[in-house]
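**Student:** Swiss-Prot lists ASP273 with the feature active site, proton acceptor, giving sequence analysis as the kind of evidence. The annotation ATP binding site is assigned in Swiss-Prot to ILE153, GLY154, GLU155, GLY156, GLY157, PHE158, GLY159, THR160, VAL161, LYS175 on the grounds of sequence analysis. Swiss-Prot lists 65-82 with the feature compositional bias 'Basic and acidic residues'. The compositional bias 'Polar residues' annotation in Swiss-Prot covers 83-98, 108-121. Among the features that Swiss-Prot reports, domain 'Protein kinase' is placed at 147-423, with the record citing sequence analysis. Among the features that Swiss-Prot reports, phosphoserine is placed at SER277, SER308. Here Swiss-Prot flags THR309 as phosphothreonine, drawing on similarity to another entry. The annotation phosphotyrosine is assigned in Swiss-Prot to TYR322. Positions annotated as region 'Disordered' by Swiss-Prot: 1-29, 65-128. As annotated by Swiss-Prot, region 'CaM-binding' applies to 162-185.
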Amino acid sequence: MPMRSKTPTPLRFSNGKHQRDDSEYSWTDVGTGEKARNVSVLGAIRRAAKKVFVIIFLGQRKLKPTECRSDPGESSTHDRESTLSGWTGYSSPSSFGRSTERKVSGQYRFSGSRFQSPGKDSSSSKSWHQGPVIFSFGELQRATANFSSVHQIGEGGFGTVFKGKLDDGTIVAIKRARKNNYGKSWLLEFKNEIYTLSKIEHMNLVKLYGFLEHGDEKVIVVEYVANGNLREHLDGLRGNRLEMAERLEIAIDVAHALTYLHTYTDSPIIHRDIKASNILITNKLRAKVADFGFARLVSEDLGATHISTQVKGSAGYVDPDYLRTFQLTDKSDVYSFGVLLVEILTGRRPIELKRPRKDRLTVKWALRRLKDDEAVLIMDPFLKRNRAAIEVAEKMLRLASECVTPTRATRPAMKGIAEKLWAIRREMKETMICSSASNSSCSSTTHSFIGRDSDRYALPRIEDNENSIE
């Protein structure tokens, strides 16, 4: 019987469904090992030829006069190309795997690639571009009323974040860097975030719309997520506290995102800064992972298993094995995710210095309770203590304990973690249905959980009746 073989690939998502780009990747029925190798070699040759063509074609093509901007004070397409190609480590526009942006009659385009302008008719669940737009400063000034404080929605290590409205009506988040931040390390993080975001596309990852690097202005334009971050929800700053079913759904969304980064991209991507404040929440209480300034791509060299690098991350979330060896792997993200699971269950921050000394490290405190069969005592005081919620708390805490083991080799992969979370979800649903059958008035948690079932984003190869990701 013929076997199925495939080339691992990033998946493109539209309306919650994953699609494959048939122009570059395809499923192939293979009858023998020799045929599989031939198909693999042929695919590699085609991709290499395509890359060479793009580099030569885009590198030599000249702009027509009508394709240049006429707006005063705005950079030309040639300037934009120079900015992009002038970056250290990114020698040409094709370094992004994308093409250089041009603007003609108000419509954004890319040479040699498909592009859909993010107009008012475009669905928020669809990716509206195939690469980053290089904005002009004038465009971003108009979008934010000259960076008015009225439009300011946040501030962080990068700088100030504004809510903006592009010329075509698209609402975006505009991250403007602090000018006194500029240094070699910071500039690397700025460029790294753009480079990483330009290579990924997933419903549970914040989308990159574009950027600006002109003079002393450094700006990143990303998808606007309207409902704050997970930490704000756990602190009760965003209205009603999250119920257990909603917390589980958010954990699954983050697991989806990390599984994609580790498994389905061309080269595995390690986020390196998974924490509650980097998990943005939509109005439908779905999660999107943000902030890729620290992200790293694992080498494409055969056999590469880690990156030797300076330690980066947030206190309380950093993998102790990474701290000890300076070797970064995807299991470092797994450790951070385990800390995040504990944070979701308890509502506490990873480190709380105002608590008694033995309870200051939230993970250690929670795992002591688990060892004493007292998992219910770690639950956020605002969570309802029904049967389903208590069972989920214990199962998620056991899963978190696997993620935060000191030795990375014993930690599960994100793919397996996602499978276990789906199993917990199915069991919770069954418990709720059984409870509601004997009690005509279901809890609000039951309603919120079942009601979200039809609205969830799908992870590739995971369905309610499946036990694994293939």
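A Cβ is built for glycine as well, from the same backbone N, Cα and C atoms used for every other residue.
Structural setting of the listed features?
**Tutor:** Around the Cβ of ASP273 (active site, proton acceptor), the same chain contributes ASP291, GLY293, PHE294, ALA295, LYS312, GLY313, SER314, TYR317, SER336, each under 8 angstroms and 6 or more positions distant in sequence.
Other Cβ atoms within 10 Å of the Cβ of GLY159 (ATP binding site) number 20 in total over all chains. Under the DSSP three-state reduction, GLY159 (ATP binding site) is assigned to strand.
Of all the Cβ atoms in the protein chains shown, 18 others lie within 10 Å of the Cβ of SER277 (phosphoserine). Following the DSSP three-state reduction, the secondary structure of SER277 (phosphoserine) is helix.
In the three-state DSSP scheme, TYR322 (phosphotyrosine) falls into the helix class.
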**Student:** Note down the number of other Cβ atoms within 10 Å of the Cβ of VAL161 (ATP binding site), including every protein chain shown.
**Tutor:** 19
**Student:** Where GLY157 (ATP binding site) and SER277 (phosphoserine) are concerned, what is their Cα separation in Å, rounded?
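**Tutor:** Counting only the Cα atoms, the answer is 12 Å.
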**Student:** To the nearest whole angstrom, what is the C-alpha distance linking TYR322 (phosphotyrosine) and VAL161 (ATP binding site)?
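**Tutor:** Between the alpha carbons of TYR322 (phosphotyrosine) and VAL161 (ATP binding site) there are 31 Å.
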**Student:** Specify all same-chain residues, apart from the site residues ILE153, GLY154, GLU155, GLY156, GLY157, PHE158, GLY159, THR160, VAL161, LYS175, whose Cβ lies within 8 angstroms of the center of the Cβ atoms of the ATP site, ordered by sequence.
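**Tutor:** Going along the sequence, the neighbours come out as ARG176.
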**Student:** Distance between GLU155 (ATP binding site) and SER277 (phosphoserine) at the Cα atoms, whole Å?
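**Tutor:** Here the two Cα atoms lie 12 Å apart.
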**Student:** Name, in the order they occur in the sequence, the residues of the same chain whose CB lies under 8 A from the CB of ILE153 (ATP binding site) and which sit 6 or more residues away.
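**Tutor:** Long-range Cβ contacts: VAL161, PHE162, LYS163, ALA173.
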**Student:** Determine the most Cβ-crowded residue among the recorded positions GLU155, GLY157, TYR322, using a 10 Å radius around each Cβ and all protein chains in the structure.
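**Tutor:** For the recorded positions GLU155, GLY157, TYR322, the Cβ with the most other Cβ atoms within 10 Å is TYR322.
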